[in-house]
Amino acid sequence: MVAPATPRPSRILPRASHSHSQPAAVGLASDRAAAATVSSRRRRNFVFVVNPSGANGRTGNQWKQLLPHLRTRFADQCDICECITSAPFDAIDITREAVKDGADAVIAVGGDGTLHEVVNGFFCKGSPVHALDQGPDHSTALGLIPLGTGSDFARTFGWTNDPHEAIDRIVRGVKSKLDIGMMEGPDGNPHYFVNVADIHLSAKAGYFSSMYKRFGNLCYVFGALRAFWGHSNRDLRIKVNGGEWKTIRKVTALCIGNAKYFGGGMKITPTADPFGGDLEVVILQDFKWHDFLLKLHRLYGGTHLSVNGVSSIRVQSIEVAEKEVSADIFVQSDGEHFGFLPTKFSVLPGAVDFFC
């Protein structure tokens, strides 16, 4: 099924058919047997949200080649609903409708941006989305087939961009409760992230790198070079877990990790655990451009926590604001531009079932 650019129907999945009447079961034992038969025969509904323009169009081409294999692997298990995005935020709307329709799983097919939108579709106005026609025990699982440019979230688990391996994981059906990060800007509207949110230089670099996606992973290099132009380290204020405000001097970047990697493979929050119930905050202070050149290998290898000017803390929540308000310090989440400071970040432990 393809999601067009025009307003889509309110439902992603069809309602169950009741057109064939069944003879009344005789006796309690017959009722139980009939219920067990229906339950055992129930086919699950999996919705695959595909960004065809991901990785400069490679995602769409790979998906077309993958679909026959996918249908074969899932033939005896579930019905496949294919939803193709055609514009920004499509994946959010598709996911919300799928969850409301009672889908058993929504699978993001693409990169970190597609996954980011799908995760945001599990929530609406600050609350989880629930199925309209299912019982309270029903939940929709989240899955991922990483086919994007960076696929940084998948790196935390050591996954490659091999879609066949991803399908095998989903077929096995092993799930864990995944933490989700939540962030609130000045307007108070909640937004969600699954990988890494970040502030100042790295967020500015991410903003500019999105303009160079046609160059593949080189987009991160070009984005960083442009972000350094005119950059200055800034004093920020932070409030950890609702405590007192504290000033952090000459901040170059502040990163909040639910998972470990960002920027095309940089292990920026190396001890973050997306099942651990908290967030890792890594702060880089008073870095110059030559510091990045000399220490880049440590940032990519995740061995930078012992470097001078680098600190790490674990939090359930952190508020970040400017020492002197200028409203020009960038904030991003999962590589997507969010806005500017001030912003509050917090964790929702075990918020979504995740195929892993």
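Here the Cβ of each residue, glycine as well, is placed from N, Cα and C on the backbone.
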Looking at 1-25, 126-150, 301-325, which one does TrEMBL call region 'Disordered'?
1-25
Tally the residues of the domain 'DAGKc' (41-187) by DSSP class, grouping H, G and I as helix, E and B as strand, and everything else as coil.
55 helix, 40 strand, 52 coil
